[in-house]
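K.L.:
Got a structure for you, questions after.
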Amino acid sequence: MQKIVVEGGRALDGEVPVSGAKNAVLPILCATLLANEPVTIRNVPALHDVATTKKVLAGLGAGVEIDPATWGGGRDSAVTVDPRGVNGHVAPYELVKTMRASVLVLGPLLARHGAAEVSLPGGCAIGSRPVDQHIKGMQALGAEVVVEHGFIKARAGRLRGGRVTFDMVSVGATENVLMAACLAEGESVLENAAMEPEIVDLADCLAAMGAKIEGAGSGRIHVQGVAALGGATHSVLADRIEAGTFLVAAAMTGGRVTVLHAHPQSMDAVLAKLAEAGAEVLVEGDRITVDMRGRRPRAVDVNTLPHPGFPTDMQAQFMAMNCIAEGAGMIRETIFENRFMHVQELQRLGADIKVDGHTAVVRGVPDLTGAPVMATDLRASASLILAGLVARGETVIDRIYHLDRGYENIEAKLSGLGAKIRRVG
Ligand SMILES: CC(=O)N[C@H]1[C@@H](OP(=O)(O)OP(=O)(O)OC[C@H]2O[C@@H](n3ccc(=O)[nH]c3=O)[C@H](O)[C@@H]2O)O[C@H](CO)[C@@H](O)[C@@H]1O
Ligand SMILES: C=C(OP(=O)(O)O)C(=O)O
């Protein structure tokens, strides 16, 4: 199994490009199933999750063409999905269990083909992650849904517009119902909708395909259903979590890093926390610079919330920063019930962290020491790399397949900033 080896102790310095957002490209790829013509997506990151989505779409009969000349090449990298050959409606367990976002084919398949069978994703390291709100939304649009033999089985004639009030803010449920409503007859209203920037990006792509959507990015979304959606070309939003991870790396190592092609407007909460930690934060168009001028960061308190609050997907990285910061910081995780799996591994590197329920108190120590550690999920993996960048000696991170789900070329990007990091095995 591959591992990542990091030798700590170098301040990062330089510029690094940000890739397209994992959490935008996955729903957008699923949305192509709604169209009756090919859809081309650009700025597609070369991620394992994108490859998994390709398998899900191809398994349904869609043509998925990845342009080999541009693949992995950042903003030019393109995928074209031709949904005209879709003749299946099953997303199998083998794929869904490796990537929960596969559940996002439910709405498009149901709206376009009147039937969908999607394996229940099951729990994962960070929590149980139920899909009741997705199901409730489909039912509100007139679908019959049963859960049996581990599958969500949904059927409908043409969906009809409806009003859905989500019980809690869910990014995935908002996306699934939004996509389904685009082809429903009449108007739908989504109340208590998630406001994440990736939802706005999905809505922009759907609009380019011919959908009529108002209010994406707010808590209430109106959709006027149309009879058909056509082809489009769409470029994926920059990944705010990847960008944030590099900026935390700058802050932790006392360095100076500029992220390029970023989307600072979606990063207010994270940039404010970096400033609170003592970093100089400079935003110039789509470039963000964090300059720490060799200083040690100050510990910050973090409370994860739905957007525009502080994102849960940056919690582990800020915990890593607090581990070597001056003072103590309190981290409260309110989105997922079990998202502190990185704590034990950070402790192996010498971190002082006490967990009480959903709260972790992190007291900064002057330095960490390298050790073998194990990645338990995607952002936990990122936090261990960050800790490895400042730890004395070598940190060897196992189970890095989690990392490859969501970070494109992370070793190459960090090496470009002066980190000593390599993949082995
Ligand atoms: C591919 C993708 O975009 N993943 C992101 C998405 O995940 P995802 O869309 O799965 O996360 P949700 O916003 O749905 O989950 C938020 C909370 O709602 C709960 N819930 C959700 C749906 C449901 O039907 N019932 C229910 O109880 C979840 O268990 C969780 O506690 O948003 C999360 C929260 O910002 C991010 O951490 C993930 O990176
Ligand atoms: C939890 C995450 O992703 P997913 O929803 O794909 O598991 C994440 O991106 O941190």
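Using N, Cα and C of the backbone, Cβ positions are placed for all residues, glycine too.
Remember, predicted model here, so these are calculated numbers, not experimental data.
Sequence annotations record features per position, and here TrEMBL assigns domain 'Enolpyruvate transferase' to 6-414. Look at TrEMBL and you will find K22, N23 tagged as phosphoenolpyruvate binding site. Feature annotation from TrEMBL assigns UDP-N-acetyl-alpha-D-glucosamine binding site to R100, R129, P130, V131, D132, Q133, D313, I335. Among the features that TrEMBL reports, active site, proton donor is placed at C124. Residues annotated as 2-(S-cysteinyl)pyruvic acid O-phosphothioketal in TrEMBL: C124.
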K.L.:
With respect to ligand 2, which members of the binding-site residues R100, R129, V131, D132, Q133, D313 satisfy a Cβ distance under 6 angstroms to one of its atoms?
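P.N.:
If the test is a Cβ under 6 Å from any atom of ligand 2, the answer is R100, D313.
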K.L.:
Quick one: of the recorded positions N23, C124, P130, V131, Q133, flag those whose CB is under 6 Å from ligand 1, and say none if nothing qualifies.
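P.N.:
So the answer is N23, P130, V131, Q133.
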K.L.:
Enter the number of other CB atoms within 10 angstroms of the CB of D132 (UDP-N-acetyl-alpha-D-glucosamine binding site).
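P.N.:
The answer is 12.
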K.L.:
Can you tell me whether DSSP puts V131 (UDP-N-acetyl-alpha-D-glucosamine binding site) in helix, strand or coil?
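P.N.:
Where V131 (UDP-N-acetyl-alpha-D-glucosamine binding site) sits, the three-state DSSP reduction gives coil.
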K.L.:
Given Q133 (UDP-N-acetyl-alpha-D-glucosamine binding site) and K22 (phosphoenolpyruvate binding site), what distance in Å do their CA atoms have, once rounded to a whole number?
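P.N.:
Taking the Cα atoms only, Q133 (UDP-N-acetyl-alpha-D-glucosamine binding site) lies 22 Å from K22 (phosphoenolpyruvate binding site).
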K.L.:
Give me the long-range Cβ neighbours of K22 (phosphoenolpyruvate binding site): same chain, 6+ apart, Cβ under 8 Å, in sequence order.
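P.N.:
Counting only residues 6 or more apart in sequence, the Cβ neighbours of K22 (phosphoenolpyruvate binding site) under 8 Å are P45, L47, D49, V50, D239, I241, R405, G406.
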K.L.:
Where P130 (UDP-N-acetyl-alpha-D-glucosamine binding site) and the residue listed as 'active site, proton donor' are concerned, what is their Cα separation in Å, rounded?
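P.N.:
Distance between the two Cα atoms comes out at 10 Å.
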K.L.:
According to DSSP, which of helix, strand or coil covers D313 (UDP-N-acetyl-alpha-D-glucosamine binding site)?
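P.N.:
Looking at the DSSP assignment, D313 (UDP-N-acetyl-alpha-D-glucosamine binding site) belongs to a helix.
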K.L.:
Can you check how the pLDDT averages out over the domain 'Enolpyruvate transferase' (6-414)?
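P.N.:
Result for the domain 'Enolpyruvate transferase' (6-414): average pLDDT 97.
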K.L.:
Can you tell me which binding-site residues out of R100, V131, D132, I335 are within 10 A of C124 (active site, proton donor) by Cα, answering none if there aren't any?
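P.N.:
If one measures from the Cα of C124 (active site, proton donor), the binding-site residues that come within 10 Å are R100.
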K.L.:
Let me check the 10 A CB neighbour count of P130 (UDP-N-acetyl-alpha-D-glucosamine binding site). How many other CB atoms are there?
P.N.:
13
